[in-house]
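Take a look at the structure below.
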Amino acid sequence: MSISSHYHAHKPNVPIIQEDIFGWIREGNAFQTRVWLDDSEHDLNIGDDHAFSLLHWAAKGGFISIVDMLLARGARVNATNMGDDTPLHLAASQGHREVVVKLLAKRAEVNSPNEHGNTPLHYACFWGYEQVAADLVQYGAFVMLCNKRGLTSIDVCQPQCRQSIIGLLKFI
């Protein structure tokens, strides 16, 4: 893994004016986000007090237009927060398939573990997002990769969707 893949977005003491951009992104306000990004003085890779980058929040919210803007301007696709979650972890955990596919197309690390050893596939399976799980596997996610508790993605599937996800993954 490269050094850049472990980049933490966190910058302590983020000025108050920069707090606005985090709010706009959490709200999905693409217009205000674009205006903020158009000011070359702003750092699009800043992090909040938990090291969530702008891309983390856009991915978590499923705001594909904001994700597109950030990636087009050079946002770090593999930035990690304090828990070592990447934007891909957050998009997968929320079932935002379009964002997941966009991040994967931009070379997001599909098997990146967070502080608990969970990968984006662990989260997609845990929350029952079958198509997201299938997309992750198609991009090279390892189904049998264990987290720090020794559990694979299949092990953490919710009972009501375990069989369908297992069946889906067998055909990929």
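Using N, Cα and C of the backbone, Cβ positions are placed for all residues, glycine too.
Sequence annotations record features per position, and here TrEMBL assigns repeat 'ANK' to 50-82 (among others).
Taken together, the residues in the repeat 'ANK' (83-115) have a mean pLDDT of 98 on the 0 to 100 scale. Annotation source TrEMBL lists repeat 'ANK' at 83-115 (among others).
Taken from TrEMBL, the feature repeat 'ANK' covers 116-148 (among others). When Cβ-Cβ distances below 8 Å are used as the criterion, the repeat 'ANK' (116-148) is approached by residues 83, 86, 88-89, 91-97, 100-101, 104, 110, 154, 156-158, 160-161, 164-165, 168-169, 172 of the same chain, each at least six residues removed from its ends.
Sequence-distant contacts of the repeat 'ANK' (83-115) (same chain, at least 6 residues past either end, Cβ-Cβ under 8 Å): 1, 5, 50, 53, 55-56, 58-64, 67-68, 71, 77, 121, 123-124, 126-127, 129, 131-132, 135-136, 139-142, 145, 147.
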